[in-house]
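Noted in TrEMBL for the protein shown:
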type	residues	note
COMPBIAS	18-31	compositional bias 'Basic and acidic residues'
COMPBIAS	43-52	compositional bias 'Acidic residues'
REPEAT	138-179	repeat 'WD'
REPEAT	191-223	repeat 'WD'
REPEAT	233-274	repeat 'WD'
REPEAT	275-316	repeat 'WD'
REPEAT	316-356	repeat 'WD'
TRANSMEM	414-434	transmembrane segment
Amino acid sequence: MSSFFIKKKVISAAPNKGDLKRRSNADDGKGRSKKFNKRMDEEISSDSENESADPSRKQQENEDDEIEETPQEKKLRLAKLYLEQLREEEDKRAEQESFEADLIAGRLQEDVLEQKGKLQRLIANELIAPDPAEVRLLRGHKLSVTCLVITPDEKYIFSASKDCSIIKWEVEGGKKVHKIAGGRKGTEARHVGHTAHILCMAISSDGKYLASGDMNKLILIWDPVTCKHLYKLKGHRDAVSGLAFRRGTHTLYSASHDRSIKVWSVDENAYVETLFGHQDMITGLDCLSRERCVTAGGRDRTVRVWKIAEESQLVFHGHEGSIDCIQLINEEHMVTGGDDGSISVWTVNKKKPVSTVKQAHGSHGNTGLEQPYWVSSVAALHNSDIVASGASGSHNSSVQLWKCGQGFRGLEPLFSVPMVMNGFVLFFFIFFRLGRWWRIKEARNGLYIIPLKRQAQEQEVVQ
């Protein structure tokens, strides 16, 4: 029907029949005969019919028309297409660079806040009390364990003991990887290792160096990977009681019963300087990334912040007895424990503690003669609101976790680690090392791995 309609329309536009008869064999006025007009009519009708019957052909002709462009037009079209692709790639690159810049800026801002001691991750409320079945005991030392450190990748633990040995443990499986045996007294000239009670250890933040100090006034430097002995640092005049690497460097701080702190360059196997100020043997030492360290002065009852570059020190008072342990929470705050049974949190801006818990682990003894269980070790999760303390006694050994309040102005008990041991608590990386303990037959020498789990994502706040 459609082809007939088109044909009819074309014919109706032609001259009428009378005119055609009169010009049967004559010219149509334009030099074309009747026979030619008939052929043209048939050709036009045929084209119309094909266009209607085959739409794809019309589309193809349109496409041919579009493709038919001059070389200049083609170059212009391709140039526009190329420029558009360049713009898209540039936008993607700019978006990626902006994302990376935001990440770097975030890290830099976090580093600045950390340096100022204003970064605090609030995770205390998310901690779950550990399951006693998940607590593992690693045994291998013959005598009491005095100190330990964990490698920066958290895969290995190094523990040291009064038996003068150092053991490298695998964290995941608790497997003993290597043991550096201790030597007997008098064999110092030929024995590679310690021949006296090891009191302290430290590992550099890149895991390149391990340092250990003993009662023989010596500091030994080891390769943590191979456990090969590298250097021997001499200079203290009494037992080495504390060691700490400045984060991000190979600068080592050492504390001693000779009341001094020494600074060493481990890369160069060289002594740098000595700091004086404490009036009693130094019982604890710690540092982070700033060029400074903090120390506990035992029975001089002082905490000191040593500003190395300024060659100055800040002195703090607060405990009623010997201050036996100290650790930094962040660059501006620290926690201490002592034989008066108290735990104190300090800021470098105040000479007195910002918060103190007395008899943090209770007391013992007859009525009217009660004595607090002394706090023998403290630990902190850096830049968080969590600290821990360990108390020691003949039949009351416990580990208590605490939540730091807003601005560290208060300590709130969270939970105690299950009673899995008798004797003296050796917790996290800081231990009661100085021999003020007694023999307990039921106690076992070893170190416990106590996993702490969280139930949600951490929050970060700026104080």
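Heads up, the Cβ atoms here are built off N, Cα and C, so glycines get one too.
For the repeat 'WD' (316-356), DSSP puts the residue distribution at 0 helix, 21 strand, 20 coil. Here the repeat 'WD' (233-274) is broken down by DSSP into helix, strand and coil counts: 0 helix, 24 strand, 18 coil.
With respect to Cβ pairs under 8 Å, the repeat 'WD' (191-223) is most closely packed against 233-274, considering the stretches 138-179, 233-274, 275-316. Mean model confidence for the repeat 'WD' (275-316) is a pLDDT of 95.
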